[in-house]
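Quick look at what Swiss-Prot lists:
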BINDING   TYR318, ALA354, GLY355, PHE356, GLU370, GLU374, GLU415  substrate binding site
BINDING   GLU370  Mg(2+) 2 binding site
BINDING   GLU370, GLU374, GLU415  Mg(2+) 3 binding site
DOMAIN    319-453  domain 'Nudix hydrolase'
MOD_RES   LYS10  N6-succinyllysine
MOD_RES   LYS185  N6-succinyllysine
MOD_RES   LYS292  N6-succinyllysine
REPEAT    11-40  repeat 'ANK 1'
REPEAT    45-74  repeat 'ANK 2'
REPEAT    78-98  repeat 'ANK 3'
MOTIF     355-376  motif 'Nudix box'
Amino acid sequence: MSSVKRNPKKEMISELHSSAAEGNVAKLAGILSHSPSLLNETSENGWTALMYAARNGHPDVVQFLLEKGCDRSLVNKARQTALDIAAFWGYRHIANLLANAKGGKKPWFLTNEVDECENYFSRTLLDRRSDKRNNSDWLQAKESHPTTVYLLFSDLNPLVTLGGNKESSQQPEVRLCQLNYPDVKGYLAQPEKITLVFLGVELEMRKGSPAQAGGVPEEEEDGLVAWFALGIEPGAAEEFKQRHENCYFLHPPMPALLQLKEKEAGVVAQARSVLAWHSRYKFCPTCGSATKIEEGGYKRVCVRETCPSLQGVHNTSYPRVDPVVIMQVIHPDGTKCLLGRQKRFPPGMFTCLAGFIEPGETIEDAVRREVEEESGVKVGHVQYVSCQPWPMPSSLMIGCLAVAVSTEIKVDKNEIEDARWFTREQVVDVLTKGKQQAFFVPPSRAIAHQLIKHWVGMNPNL
């Protein structure tokens, strides 16, 4: 008779898995102290010790294995994670334990470093020069300076004109109308009917400044070209359009604002967000009295002398920014991504999930909460990628990659209409062939598009 050749490693793995299934923590500890490399080893069906513990309802074993650093994102041959298994068999305590575990091994398909990138709305032509906002004499002098640039807004929509070139997207090139003091002198004479915001000065000094030709004394010339955003009333805007037939106010904001040149878009993002704040905070949030504009449009001050907001520094006096997490959720095995859609989206459009950060919440926890609320999918590891100002009216989109630790989708219809897992091949086809496919994603100037592209790019061998 021929003897059966033993496989000591296979026997050790089998013993490890049996101990996990039986809930024997002491035996597990002994095996792993001798052979720690067996922690994430799988059986023939792709199951790990963590999966066996989850299947048989042993929270103490699950906790022990998590503390040892086991990889909870691994999937078996049935495409299930340990969390999927625990949820299926009704072990809620274990499912919560797996979903909320901190740290752990970083998924293999995430890169260690993310290259810094500039998204649309984040580039600009200007240096904001916040040091000039308190200098009322300087601001007043710049208002009538011949080189000063004014951007006109009506209902938060910028005044633009069509350029002579065509962009690759076949959309006509849209450019901001850069007005000068004579164009807006009449509006500036009626400060109660306008909103004026100092945006900054041009990053590049102009050569051959026409300042002296405009009557500016040489000793008062500093060479700085100031830009202002000027919000006017709808009636005045209509009258202006009638006198300038080549100009119009860009509307609706989405997707119209995506037609701007990149550096001009950054200026509009700044201007639109501050103007939106002014339109919403005409009265003091503390006492309800009227407010007045100061610091070049970057502060509103209550006119009531006894208002508590005048004592110390209060965030209600300054423009607000609303932080939003937007995340590319990646399947535990790294081969798929989760995209969703809202009812208001164009038919066929899917994008990254997103949501506002709540008070007292970290970016990572906001990502996990929003993904679970909208799709029912639980997320483990979260990695920051890049951010994008989003002037709708004043959000900051914080882009992240998020690795799922469960795969079952349970859409909350009050949050979104649909959510699905898409393969890398499907996403690549959409990025290269656009709307010829069964679904499409936001345009390249949206951070969602860049997050999706980032995920595709970091998996070149899949």
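Placement of Cβ uses the backbone N, Cα and C atoms for every residue, glycine included.
Between the CA atoms of GLU370 (substrate binding site) and LYS10 (N6-succinyllysine) there is a gap of 41 Å. Closest in space to PHE356 (substrate binding site), of the modified residues given as LYS10, LYS185, LYS292, is LYS292, taking the CA atom of each residue. Taken residue by residue with DSSP, GLY355 (substrate binding site) is part of a strand. With DSSP classes pooled into helix, strand and coil, the tally for the repeat 'ANK 2' (45-74) is 16 helix, 0 strand, 14 coil. Other than the site residues GLU370, GLU374, GLU415, same-chain residues with C-beta atoms no more than 8 angstroms from the centre of those residues' C-beta atoms, the Mg(2+) 3 site, are GLY340, LEU353, GLY355, VAL371, GLU372, GLU373, SER375, ASP412, ILE416. Across the repeat 'ANK 1' (11-40), the prediction's mean pLDDT works out to 93. Checking each of the modified residues LYS10, LYS185, LYS292 against GLU415 (substrate binding site) by C-alpha distance, the shortest gap belongs to LYS292. With DSSP states grouped into helix (H, G, I), strand (E, B) and coil, the repeat 'ANK 1' (11-40) comes out at 25 helix, 0 strand, 5 coil. GLU415 (substrate binding site): 15 other CB atoms within 10 A of its CB, across all protein chains.
The Cβ of TYR318 (substrate binding site) has 15 other Cβ atoms within 10 Å, all protein chains considered. For GLY355 (substrate binding site) paired with LYS185 (N6-succinyllysine), the C-alpha to C-alpha distance reads 42 Å. For the pair TYR318 (substrate binding site) and LYS292 (N6-succinyllysine), the Cα-Cα distance reads 12 Å.
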